[in-house]
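Structure first, then comments.
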Amino acid sequence: MAEPEAKAADVPAEGGEPKISKRQADKDAKKAAAKAKKEASKAAAPPPKPVSNEPVDPFRQGWLKGVYNEKPVKEVHTRFPPEPNGYLHIGHAKAITVNFGFAKSYGGVCNLRFDDTNPAKEEERYFKSIKEMVAWLGFEPHKITHSSDDFDRLYDLAEELTRRGKAYVCHCTGEEINRGRGGKEHGPRSVCSHWSRSANDNIEALRAMRDGNFKAGEALLRMKQFLAVKPEEYAAADDDSADVKKEKIRLKSLAENPALWDCAAYRIKSENYHHRTGLKWRIYPTYEYTHCLSDTFEGISHSLCTTEFETLRPAYNWLLEALDFKTPSSEEKGPMQREYGRLNVEGTILSKRRIAMLVGGATVGGTSEPVEDVADELDAVTLEEDGDTQPAVPASEVKPNGSSKERQIPPVVRDWDDPRLFTLVAIRRRGVPPGALKKFVLDQGVTKANSNTMTHNLDSSVRTYLERTVPRLMLVLDPIKVVFENLPDDFLEERDVPFDPKDPAKGTHKIPLSKTIYIDRDDFREIDDPDFFRLAPGKSVGLLYAEHPVRCVSLTKDDNTGLVTEIKAEYGSYLPAGKARIHWVGESAAHNSPVRAEARIFNPLFKSTKPNELDWKNGGYYDDVNSDSEVIFPNAMLESGFREIKDRAPWPKEEGEAQGTADVSSVRFQGLRTAYFCMDRDSTEGKVVLNRIVSLKEDAGKK
């Protein structure tokens, strides 16, 4: 085909440049202008910020950053103030991490303070455990203090508060106190006849309490807060000025807060022996009175607690202001209380009272038990950080439940550290690394909102943490003996295998392959299935870390149980490779292999995902206990590399465990194709006991 003729406009003049059409010239000009604009914009743009490899400090973000900005002091000082009347639980892991982490982030310090003002419920084992859990999580207190350190000073201030006319000794019964506070419906409120007693008379009565002239329940010191304020005092009027309106709104907020209805400051305890002060005191201060004053004595700058204490913040400030430790409506002087959301893990039981029922058993169905004394009725608005969302029933309201038939409920778990529980001692025994627990807490975030999550989210977080931090071993839970008929009796081959194929730093170890090995019962089927890729009669399969496949030749069964007890097999290069590789443990006296073990597999303790909603009063919770919450494999076998793993623990060497707080639970490993495990304290010289930490992701669908 002939080439088309060129257009006249495109034909260059002899010896000159080719001519361009006007349309083409306009297009070229627009392109050039756009390019110039783009280059100018690029030149004017600020240089890109360098990407920082520094990890983000969670305590300098969001809500916590705002808390610091409210009170940006040079020396941040916080405290973690548990009551030593029980074991800490997973919610306390957040409280510990927030208080210690916040202080450290801002160059400050954190105290561990025991709120030991209730001698009847405090035990030495709780003090010891709390110290251990703080250290295990990797925190070192600036000081370890006790509220009881300041009992003398606290009492002197109680007299001073009374002298100033801001406290009075009340002799009302529990029923009278509740009626004066408006009853259950918070109706009209009124003060009692003791409210208007003179300061001198109140001091005399307080000293009589101190000296043992009254029995428990006959007298208590109450703070003169806002119970006496009448609604008409803060009712809005048409002619109110802006300042008056503001003051009335403030007064209304205070007067309608139950935390300010003349709560108790001191009460008489019938069981008054204190582990640190002996029998010196017959009266003990309440939480509402003690907490803010202890914060002041210790120089706490930021008093961080969970949101259920937000309603108590006005009472916290009121007492400090009443004793001149704080300037009204200001955070410049004294400690500043701020509240963050609690960590709630659905499916867990955190109540000390309920865990005690699980540990020790319970008698239910009889008459309800009253609270200890009348002062506890005034403390009904106080919610402790112990996970018990069921407040005590006031003594004046206790009535028989209509049934005299009692039911004896047996214990459900071994102890407070049973791995099915969510106390910190139980979580530790289950093998959860402290670093994994801290990361889980911080991943939930620290804000005003409660952090509500599920147990499977905790497991997922722990699993991810363990993936690259612990070694791998072969563990057979339910062993079947496999004898290779085509190998000589003295056959022994050492295989050099890594503790972690993706991390050479963990090292390698040797395992024996001999005439006799053990495989997991779950990896064998007596009747083959096309979708089953492991060992079956006449079928071959690969062995992890072994050079050749194996094939089942015959089997032996137990006459009584019908279970396969032994498999005769062959091993060699001539066998088909098979579609899978299974784990195993070799028998070798020279290698002291296998290591005998008992493996405990833990599942949810209750069938219900909301066990707190079960019937705990009448024992209905026991009917919901999951019978498979603990599955035990008594004859499990471990490869001999376990001994080196045990000697090199903790795994990983992080947090408090790197500083010497590690126990046997720090012996952690991934059982290949099985789960993550740790060593349990029930282990003996002759038998290792293992606890499953979490399952592997591929558990549900392995073939």
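Note: Cβ is positioned from N, Cα and C throughout, glycine not excepted.
Automatic, uncurated: that is what TrEMBL annotation is.
Given the structure is predicted, the values throughout are model-derived calculations rather than measurements.
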Listed range which TrEMBL flags as region 'Disordered', given the options 1-57, 172-228, 286-342: 1-57
Three-state composition of the compositional bias 'Basic and acidic residues' (16-41), taking helix and strand from DSSP: 20 helix, 0 strand, 6 coil
Segment-level pLDDT (mean, integer) for the domain 'Glutamyl/glutaminyl-tRNA synthetase class Ib anti-codon binding' (471-571): 96
Residue distribution over DSSP helix, strand and coil in the domain 'Glutamyl/glutaminyl-tRNA synthetase class Ib anti-codon binding' (471-571): 6 helix, 52 strand, 43 coil
DSSP-assigned states of the domain 'Glutamyl/glutaminyl-tRNA synthetase class Ib catalytic' (239-369) in counts, ordered helix, strand, coil: 53 helix, 27 strand, 51 coil
